[in-house]
């Protein structure tokens, strides 16, 4: 039986909020089988829970938010959600003493490190996967994203940025997903933005935590970060990281192929909601025999250790 996963122990870290620029304490706790992914704001009295759910997602200019029926929100969940998807963690309570998850270095890598430091525990309950049975596609202008049936999880992402720092040969990235591939090839890719946009937002009291420490910053001609890029195609790898986190908002690892052109958080979520709304397009499945499970979801010892 392929089992659900949670953490072995509580793990805690501090970081800076992208919006407020203030210190945020992040605490991640193990959770019982079938709990799902729960984000919790402990700065509110009483604390407010936000279950990861496709219909609760709101896209903003700066990040992805989860919003409840009272219009209370928790922001900047996307990179941590990608780390959970990458490691296949089904059940977890994520607490912050602020209205946002800390931005850390702008990638998912610090969250991967914390989750692996906590250790991954298998629970004695079957893990559910969402298997794509029919092609579903969404479009907005020249942007599009689609899911198709595939016995694994593959991603094919293309961006289209006309910028001297983003070479045309580095605007497409393909990945046959596994936990190991995610950690090594995707998790370290950072978010990016224009210096002029960051300066404008900060003049309006927004994006106060934005800096060279948590993003790739570009001007009209070049990358401004002293250390440059982590990958020559870091921009498109980060967009794929975002998509992995966005698609995991359904609460299950997906068995299917994701292809996108110029997609972002809003379109990724629109695709996920379109899939879920078309009941014939998907099914939940479990695996009693590990040999039947797609290779994509077999946790390598290098990641699970």
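Quick reminder: no glycine exception, Cβ is built from N, Cα and C everywhere.
As annotated by Swiss-Prot, Zn(2+) binding site applies to 79, 238, 242, with the evidence given as sequence analysis. The annotation active site, proton donor is assigned in Swiss-Prot to 265 on the grounds of sequence analysis.
Taking the features listed in Swiss-Prot, we show where each one sits on the structure.
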residue : record                    : DSSP (3 states)
79      : Zn(2+) binding site       : helix
238     : Zn(2+) binding site       : helix
265     : active site, proton donor : helix
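Sequence-ordered, the extra residues of this chain that approach the Zn(2+) site, with Cβ no more than 8 Å from the Cβ center of 79, 238, 242, are 78, 82, 106, 107, 108, 189, 190, 191, 239, 240, 241, 245. For the recorded positions shown (79, 238, 265), fewest C-beta neighbours within 10 angstroms: 265. Across the structure, residue 242 (Zn(2+) binding site) and the residue listed as 'active site, proton donor' place their CA atoms 7 angstrom apart. A sphere of 10 angstroms centred on the C-beta of residue 242 (Zn(2+) binding site) encloses 23 other C-beta atoms. Comparing the residue listed as 'active site, proton donor' with residue 79 (Zn(2+) binding site), their Cα atoms are 11 Å apart once rounded.
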